Structure formats: structure tokens, C-alpha cells
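Worksheet for the structure shown next.
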Amino acid sequence: MNARKEGWIYVGPATLFLFLVMLVPLAYVAYTSVTNAGGDFSLASYHRLFSSDLFKRTLGTTFQISILASLCSLALGYPIALHLARQTPRMRAIYMVLVLVPFWTSILVKSYAFTVLLGRAGLVNQLLSFVSGSTVQLPMLFNRFGVMVGMTNYLIPFIVFPVLASLLAIDKSLYRASEIMGAKPPRIFFRITLPLSLPGVAAGVLSTTVMSMGFFVIPALLGGRQDVMMSNLVDFYTRETMDWNMASAIGVILLGIVTLAAILADQAKRFGSRPGVPA
Amino acid sequence: MSSPIPTNHGRRKFLQTTGAAAASAAIGLPMLATPRRASAAEKLVVVSWGGNYRTAVEEALVRPFEKEFGVAVTLVDTPDLAKVKAQVMTKNVEWDVFDAVGPMAMTGSKAGYWETLDPALFDRNDLVAPMTKEAVPFYGFTGGIFWDAKKFPEGKAPQTFADYFDVTKFPGKRTLRNRASETLEIALLADGVAPDKMYPLDVPRAFKALERIKPHIAKWVDQTPQTTSLVETGEVDYSYTYATRAKASQESGKPTQFSFKQNLIGLEYLVVLKGAPNKANAMKYVQFALRPDRQAALMDLHGNTPASKKARALMKPGVSKWLSDPQNKNNLLSNDAWWADHYDELTLKFKEWVLS
């Protein structure tokens, strides 16, 4: 009993704080989504959303962008984590700064920086023009490519950290044993490193996908007319048409999707970590 | 904590209330801790647009107002109608005077967010456009075509909206605003509708004209600064922007050019929030902002067209070249009253069209 009381002293303030700043507003958003402008109960917002082409297209775009950005980040982030795992702790700390500096930089600043790099007359095109000797004007800004570059850049650290944690947790004697048994590096990677790092990969991919679902600044600054995501739509209904019932309904749907994804991922992880040593 | 009684009362009430009320009370709680007598001092909160716009408002309106009336003015950035809605809805109004573009002011009027203005406060014959029950015109802003003069010498860039939509004569990438108001009017002007026959808008015709230009629009601009920066960085060839932004671009040494051959003139309004805590001061401030001398001082800095006709004569001669020509028959004055009735419906239609 005493210990229980003490426990409340530790978690009580945070619980109360979260209740006030998160659960109460969230309940209000859910409530707003099932009322109409007059405040009566109504499912009109959901009905309107599911019959709206704008919403359906945005939902599709959100999924496409989130999953693709997450996979791109994995493709680029995994080798970084692998490289970091092979360093001595001292060198790893130094290299880690290179991952952390962009991670700490404001997303707004980075997005504006990308407009300088990716523009029609931007640094990348200038470099390509210089190398090829003719005027190159690749369209890299205000389209899906720009969004991918911006989002991947933002998400890579969120892949590197969990994957690195999994890689460092692998027992070093496994590598030694496999070398003694005559395994070549590719075989070691595919039979030991990769399978044992999968929990980190799953955690990384899941968190980046879920995070991407709520992106706002990057599609707004680097995307084109086809790259509107759900949060841009929430912004549109909140600030432009001032239809908060619609905005709330989108918020609730987004929350539902993300919750569902988290539950599924949890199940998958449990299934994946069943007892049994890889052969 | 110097007044424990209201704080305790606030806390008890706070625990009793539910849902939204609890959330708004949580935001309001720090306010309860300040002593009552602090509110006896003369105060006013004005919302303005930030950046060099804000500096100009500070210099031409806020400081002289503080001196003349002994009122401490707080300037807050970015007028946001959603925040007004939240303040009026939760009866937790913190802003007094609000600086609103036409459709914003009219939408707010329809929703009942503004106090009624006493017409006796203003010289109505001096105003360039009529005031409404709740909003008084503050100035006119001039939209038009903007390009890089180094890339396109005299006569090689589009200067009217018909030119802007003529992609064979003027090939290249362009911008338009990601909003229905302004864009639909531009499309109709480009399609040959006379400015005096513009309203009510022929919406299907506007969309048909926009369909023509859609493949050539590199960016549907949301952030106003991009209207000029995209041209300056060579991302697009021509852009739709405002005379004030073009002025700032040229003054920072960029070789850019803005066309006054055809302009779209929008109105900015001043309004007072319903239930404003310093309503009397707010009314004094709005009246002060419309005084010809203050209008001239502010427009000298902004480069916008003053709402007071008398102010025009008081302005610095160098600035007047940035004002739209009232004699130009090609120019269109946006009809905000028409937009008030169609804003929501057309905004949605426009956004869906852009995405498709």
C-alpha cells in the first residue's frame, strides 16, 4: 500500500498533466467530430469525408508518401547504423554527431535549405550542368521527389537509433563462431546480422511510418499540388473553411489508422520473436 | 499568487467543469494569478502581420498612439481567423483589434466575430471603399505580375493577365495563389471579362480558363514570401505577387520588375473582436489608424494604397510609384461582399480542382 502511494507521487503529476493537455482536448476533438455546426449529434462530417474525392485522394497520398519515405530512410539508414556499429565507442560517438546535427536542426530551416539545393537553378542542377557541360534543369522541387528528399532526410535518425541498438545487442561471439566455421561476410550478414537486427528495423520502420502520417511542413514547402497530406487537409479545414467538425473527423480517422498500425506491428513483433534460433 | 482568493475559486471551478471548459480554464489559469488592479491600466492588443509589416505598424501607428492616448499597446503577429473563433467560442478573448484581408473580414462578420463599429468615428466620404457594419477599409493592396528584368528585357515578359495565360507568346513557368479568391478573378480577366462586368463571377468559365494554364503552373503558392523568392531564385519565370513585395525585392537590390498595366486590388480591413477586453481603446485605435496623417505615415513604409483619399496627397513622392493607378480601367477591385457569400463553397471547389 505504501509503495503504491509513493508510486503516485512519482507518476501523479505527469499523469494529471497529460490528462489535462492530451486526453481532455482529444476527447473534445472526438466529440466535435460527431457533432454538427449547431452542436447536435451528427455523423455528417464522416459521411461528407467518405464521399469526398479530396479526402480519399489525400488519404491515398498520405499512405504512399509515408510508406515510401519510411522505406527510403531504411535503405539509407541501415548502412549508416551498420557502419556505426563497427566503430570503437570513441569513433562511434564522433560519427554520431553527424547523425545528430541534422536531427537537431529545425525542420523548417532544413526545408528552406532544400529549396536552395533542389531548385531549377539550384546547387544540384548547377553542379550537374557544370559536369555535363549543358544546361540541366531537373525538376526536383514542388513534386514527390522533393517531398521524399525532405522526409527521408528528417527520418533517417529515427531509423539509425533503433537499428543501431539492435546491432549492438548482437553477441559478438556469434560473429567469431561463424568466421571459424568458414562463413564469408555476405553469408554472415544475411544469416546473423540481418535477422537479429529485425526487431530494430521493425521498430524504426513503424515509428517513421507513423510519424510520416502527420507530416505538415515538408509537403507544404517542398511538395506540389499532388502531395497534400492529411495534416495539410486538417489545416485547410481548420483555418481556411473553419469547419472544425470536418477537421476533427480527419484527426480522429488519422488517430485510428495510427493506433491500428501500432497494434498490428506489436502483434507482428510478438509473432516474429517466438522462441526458436535461426538455423 | 498575490490574490489567493480568485485563484482558489478558479481552481475549484476548474475541477468542476468538464471537457473544453477545463482546457480553456487551464490556458486561462495564469491570468487569474495576476492582480485585478493590473487590468485598470490602459491596455490594447493589436494583431498584425509580422516581419517588416509589423515594424511599420509599430512606427506609424502603435508608438504615436501610445504617446497620444497613454495606452500600452501589445502587437501580436499573424491574424488567424481560427484563433479568433477559438477565443470567441471559449469567451476567452485576448485580442482587441484585428487586421483582416477582405474575405477574412467578411467571413468573420457572417460568423458574428466582430463588434459593430460606430460610423460616426470615420469620415466616410474620405474612404476609398464603403465600410460595413463591422469592418472599415484600412488600405488597398495591389496584385500583379512580377518577373526578373535581367532574364526578360522590356516587352518580353507578360504584363497583363491575358499575357500571363498566353503560353505560346510567353512560354515559361508561372505561379498562382493556392486560393480561390484572386485566382478566379485573374482567370476571368485573362479570359477577357471586363473588370466592371466581373461580379457575380462566372465560375465555370473561370475554371475552364484555369484548366488551360494548369500544366504551366510550377507552384500554387501558399506562403506569400514565395511569390517573389521563386522568381529571384529562378525557380519560375513569372509570378503573381503584390506591389509591396515587389518594392521590398527591388529595394534589396534584385533586378526584378512589377507590372502596373493590369492590377487586382484587394482591400484590407480593421475590425474589433466581439467581447474585446479593451473595446473603448480598440475603437480609438481604429479611428486613429484611419486618420489621413497616420495613413500616409504607414503607407509610406508599406507601399500600399491608403484607404483615406486625403492621405494620398500627404505621402512621400517616391512611394507613389508603387500605388495602383485609380484611372486604369484594366484594374479590378475585389468585391469582398460577393466573396463573403461564396468563399467557403468556392474554396473547397478550388482546392479539389487543384488536386485533381
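Using N, Cα and C of the backbone, Cβ positions are placed for all residues, glycine too.
Note that TrEMBL annotation is computational and uncurated.
Residues or ranges marked as transmembrane segment by TrEMBL: A:7-31, A:63-81, A:93-113, A:154-175, A:196-224, A:244-265. Residues annotated as domain 'ABC transmembrane type-1' in TrEMBL: A:59-265.
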Top partner of the transmembrane segment (A:244-265) among A:7-31, A:63-81, A:154-175 - counted as Cβ pairs under 8 Å:
A:7-31
Tertiary contacts of the transmembrane segment (A:7-31), defined by C-beta under 8 angstroms and 6+ residue spacing from its ends, are 248, 251-252, 255
Range from A:63-81, A:93-113, A:196-224 with the greatest count of C-beta pairs under 8 A to the transmembrane segment (A:154-175):
A:196-224
